[in-house]
Amino acid sequence: MAGAEDGPGQQPELEDDEAASCRRWGAQHAGARELAALYSPGKRFQEWCCVVLCFSLIAHNMAHLLLLARWEHTPLVMLGMVAGALLADFLSGLVHWGADTWGSVELPIVGKAFIRPFREHHIDPTAITRHDFIETNGDNCLLTLLPLLNMAYKFRTQSPEVLEQLYPWECFVFCLIIFGTFTNQIHKWSHTYFGLPCWVVFLQDWHVILPRKHHRIHHVSPHETYFCITTGWLNYPLERMGFWRRLEDIIQALTGEKPRADDMKWAQKIK
């Protein structure tokens with residue numbers, strides 16, 4: 001597998017006997033091993049179903065969009081592509097922030113299925129580079145199924161005249177879906193430092209997708225900033241605004257829950 005960085009930028013001191021028995025970060029960390037073991041056959045089956053259905057719908061909808069394309073749509077389509085990428089980046093940050101900061105692996109259904117990978121990722125950041133295409137993209141494919149199905153339904157039921165009027169909007173939605181579907185693949189590439197295709201490196205270097213150096217900022221413990229992982233365009237402005245910190249302060253004031261408490265619990269496991 002292609003190489004990746006070994007772990008977060010800051011690591012706490014360990015006692016000699018503790019350091020000898022386990023690594024603070026990485027695949028040998030006790031919490032990382034326990035979390036990885038929670039990946040079940042049922043979860044794998046769900047991911048396979050979502051990936052197959054998602055990419056079938058993407059192919060179906062793309063074919064219809066290409067058939068409906070007109071030169072006069074170009075300006076609005078280009079605007080929609082940029083807007084779709086921006087919204088996908090924000091939504092990736094919102095989901096990433098929510099899963100990193102709140103909830104627990106012990107929660108019914110969503111804990112092991114969706115929060116678990118976020119906990120594993122912080123104590124073993126390179127685990128994602130060892131995941132295959134299905135495990136990497138299965139959950140994102142699940143999230144984009146509903147808008148893909150809605151788009152496919154429109155193509156099957158609406159008249160050509162109505163579809164032509166809706167075309168710029170549908171291109172925006174499709175771009176949002178594509179960026180959303182591939183967010184975790186882009187995230188995986190941001191942790192991969194050797195063997196990436198030249199076109200991926202080009203897109204990273206020109207900041208079309210999340211660059212590798214840019215994403216390192218998030219992986220400095222306690223993982224409280226730079227949550228947007230699709231393009232990363234919104235990380236700096238949101239950080240300057242204190243957006244995530246303000247949201248955390250509001251939620252903590254209302255609920256009494258401490259941000260990233262479960263994340264730190266898993267990070268501190270030593271056996």
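Cβ atoms are placed via backbone N, Cα and C, with glycine included.
The motif 'Histidine box-1' annotation in Swiss-Prot covers 187-191. Here the motif 'Histidine box-1' (187-191) has Cβ contacts under 8 Å with residues 4-5, 125-126, 128-129, 131, 136, 200, 204, 209-212, 214-215, 229 of the same chain, all six or more residues outside its ends.
Residues annotated as motif 'Histidine box-2' in Swiss-Prot, with similarity to another entry given as evidence: 214-218. Looking just at the motif 'Histidine box-2' (214-218), the mean pLDDT is 94.
Swiss-Prot lists His96 (among others) with the feature site 'Essential for catalytic activity', giving similarity to another entry as the kind of evidence. Secondary structure from DSSP puts His96 (site 'Essential for catalytic activity') in a helix. Long-range Cβ neighbours of His96 (site 'Essential for catalytic activity') (same chain, at least 6 residues apart, Cβ-Cβ under 8 Å): Phe118, Phe227, Cys228, Ile229.
Summarising the annotation, Swiss-Prot assigns site 'Essential for catalytic activity' to His121 (among others) and lists similarity to another entry as the type of evidence. DSSP classifies His121 (site 'Essential for catalytic activity') as helix under the three-state reduction. The local packing around His121 (site 'Essential for catalytic activity'), expressed as other Cβ atoms within 10 Å of its Cβ over all shown chains, amounts to 22.
As annotated by Swiss-Prot, site 'Essential for catalytic activity' applies to His122 (among others), with the evidence given as similarity to another entry. When other Cβ atoms within 10 Å of the Cβ of His122 (site 'Essential for catalytic activity') are tallied across all protein chains shown, the result is 24.
Residues or ranges marked as site 'Essential for catalytic activity' by Swiss-Prot on the basis of similarity to another entry: His187 (among others). DSSP assigns His187 (site 'Essential for catalytic activity') to a helical segment in the three-state reduction. Summarising the environment of His187 (site 'Essential for catalytic activity'), the number of other Cβ atoms within 10 Å of its Cβ, over all protein chains shown, is 21.
For His191 (site 'Essential for catalytic activity'), other Cβ atoms within 10 Å of its Cβ number 21. Annotated site 'Essential for catalytic activity' per Swiss-Prot: His191 (among others), in sequence order.
Cβ neighbour count for His215 (site 'Essential for catalytic activity') (all protein chains, 10 Å cutoff from its Cβ): 22. According to Swiss-Prot, the site 'Essential for catalytic activity' annotation covers His215 (among others), on the basis of similarity to another entry.
Sequence annotations record features per position, and here Swiss-Prot assigns site 'Essential for catalytic activity' to His218 (among others) based on similarity to another entry. DSSP assigns His218 (site 'Essential for catalytic activity') to a helical segment in the three-state reduction.
What Swiss-Prot lists as site 'Essential for catalytic activity' is His219 (among others), and the listing cites similarity to another entry.
Feature annotation from Swiss-Prot assigns transmembrane segment to 48-68 (among others).
Per Swiss-Prot, the feature transmembrane segment maps to 75-95 (among others).
According to Swiss-Prot, the transmembrane segment annotation covers 162-182 (among others), on the basis of sequence analysis.
Neighbour counts of Cβ atoms within 10 Å were taken for the recorded sites His218, His219; the minimum is at His219. Only residues 6 or more beyond the boundaries of the transmembrane segment (75-95), in the same chain, are considered here, and those with a CB under 8 A from a CB of the stretch are 167-169, 171-180, 183, 227-235, 238, 244.
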